[in-house]
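Database features (TrEMBL):
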- 38-531: domain 'Major facilitator superfamily (MFS) profile' (DOMAIN)
- 40-65: transmembrane segment (TRANSMEM)
- 77-98: transmembrane segment (TRANSMEM)
- 110-129: transmembrane segment (TRANSMEM)
- 135-152: transmembrane segment (TRANSMEM)
- 164-187: transmembrane segment (TRANSMEM)
- 207-226: transmembrane segment (TRANSMEM)
- 316-336: transmembrane segment (TRANSMEM)
- 394-412: transmembrane segment (TRANSMEM)
- 419-439: transmembrane segment (TRANSMEM)
- 445-466: transmembrane segment (TRANSMEM)
- 478-501: transmembrane segment (TRANSMEM)
- 507-526: transmembrane segment (TRANSMEM)
Amino acid sequence: MDKSETKMEKKEPTKVEATKVATIDEALEKTHFGKFNTQIIVFSGAVLNNVILESVGMSFALPVVSCDLDLSYQEQGILGAICFLGIIISSHFWGLLADTMGRKRIMQPTLFLGFAVTLISSFSVNFTMMVILRFLNGIFISGSSATIYAYVGEFHCEKHRNRAVLYGSFIAAFSAIFFPLIAWVFINQEWQFEVPLLGITYRPWRLFFIVCGLSGLVCGIIFHYLPESPKYLLGANRHDEALDVLRYMHKKNTQSNKKLQNESFEITTLLPDLADVPAVDTQTKTNDKKSLTSICRVIWNQTAPLFMSQHIRKTVLSSAILFTTFFTAHGVYMWFPYILNNINLYVAKYDEPKRLCDILRFAQSSNFTLDGDAEFPVAEKICVTKLEIDTYKHTLSLEFIYVGLLLLVIYANRRFNRIPILFIVLTVCGLCGILSLLVEDPMVSIYLFLIMLCSGLGTNVMNAIVVDIFPTSLRAMAVCISLMVGRIGSVTGSNVLGALIETHCEEALYSSSIALVVAAILALLMPKAASEKKKKINVEEAN
């Protein structure tokens, strides 16, 4: 009896000791999934919604802005894409800073600066001023647009990480349902007043810009009460701070749970996950920071691994898929209100069935009158001061369809691997895009076109994959680079349509649809994440 007690006493310290040392992923799992995680996910959705409002809000205002500032189709294409160009140019820079200085330290100030530039841009007096300010706005949006995926993912263990990223995307998508309503409330008003000092007439679309930017201001304020990512803190050798964040997470998640209220967080030593090997030499970061050579070395050390044998396949494929998806989901979407407005005007005045591009050509050649008789079209260019109500209705339908499909994707993600999901999403959207150009019923064409624009679902799935397949030390940079290339697709899509919509409509829209099918095939070449392999093993064991 005494011997057995002695054995038990020897085993007990070993068990206690085992609970005190854990990898960061094990420690995150010990904090449980609760109130804190919900707050982080909701916050990430709000930040992503701010990115949508700031970057895509121009699509609703563009027809009205073009009238006020007297813009050509090419200038409209530039104005629609310039925000994305700012995001593209600065993505690599923000990715570097987020990986070396911290997620919160970069995102919070850029949210405030983004709102400040948006506020000023609402007082733009001409095309040049608007382009410069929207470009700067894109630079600041970029600070949070990609980093937020790494930030929310790093508060979750491998079990919940992918779900957290998709839930954040769902919240952003659900919030976007109200986007057409906000646009309708503000843009379709008739008030105006003069601003003598600037020599401009302040109209509703200018206030619409400010409303779109307000979410960034709110998110910046909320960020003051949120901690830095524990995974980043551990990677930056701030061990005690990482533990403090984990203890805070554990407290928030357990204090309202009766079963876990008395549980204490016993981990005292953190170990990095095997995949999270630092890509940046700590000495380089701490010594001689201001040296140009040192800065270049940091940039090289943080970027080069993504294009070396271990990661190059993942980097190239994710970038190519996101380029194609953004080309359609954002680039073509910038022209969606314009296309819808013309189709709605045609349907209201003519019964003859026509294909989508034929309607657009007819609209450009006959210059619909908004109030006059359709049989006597005017020769002058129509100045649009507000959009057709049906334009907002169909855009609202797009948002509902998108949210419904995203819920389906989240549901499927629990049971199937993400790569087949991505393949199906992009293939279906691409085929619907092709069909939308072939059918002669304008309303059927609109809804097929709506489904094609839902290819943005692929962006959410792809970002979740990128967060999962890259190590913490490279994660923010990987997301930033892949999204940077993706947003080149946005700029390309917006400008291609701006240049070709009058003369080569079919070629421009067919190319985006076919490219989605090609991207779906590329998705099958993506490597599986560790969590996907575990899911497959668990399913096989269950069977």
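Glycine is treated like the rest: Cβ placed from N, Cα and C.
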| For the transmembrane segment (419-439) against the transmembrane segment (77-98), do we get 3 or more Cβ-Cβ pairs below 8 Å once near-sequence pairs (under 6 apart) are dropped? | no
| said: Pairs 6 or more apart in sequence, C-beta under 8 angstroms, 3 or more of them: is that satisfied by the transmembrane segment (40-65) and the transmembrane segment (445-466)? | reply: no
| task | Find the average pLDDT over the domain 'Major facilitator superfamily (MFS) profile' (38-531) in the predicted model and report it. | result | 81
| request: With a Cβ cut-off under 8 Å, give me the same-chain residues at least six positions beyond the ends of the transmembrane segment (316-336) that come close to it. | output: 55-56, 58-59, 62, 77, 80-81, 84, 395, 398, 422, 426, 429, 433, 449, 452-456, 458-459, 462, 465-466, 478, 481-483, 485-498, 501, 509, 512-513, 515-516, 518-519, 522-523, 525-526
| request: Report the listed stretch (77-98, 110-129, 135-152, 445-466, 507-526) having the maximum count of Cβ pairs within less than 8 Å of the transmembrane segment (478-501). | output: 77-98
| Do the transmembrane segment (164-187) and the transmembrane segment (445-466) come close, with at least three CB pairs under 8 A (pairs 6 or more apart in sequence)? | yes
| field | Surrounding residues of the transmembrane segment (394-412) on its own chain - C-beta under 8 Å, 6+ positions past either end | value | 60, 163, 166-167, 169-170, 173-174, 176-177, 179-181, 183, 336-337, 340, 344, 421, 425, 446-447, 450-451, 453-454, 456-457, 460-461
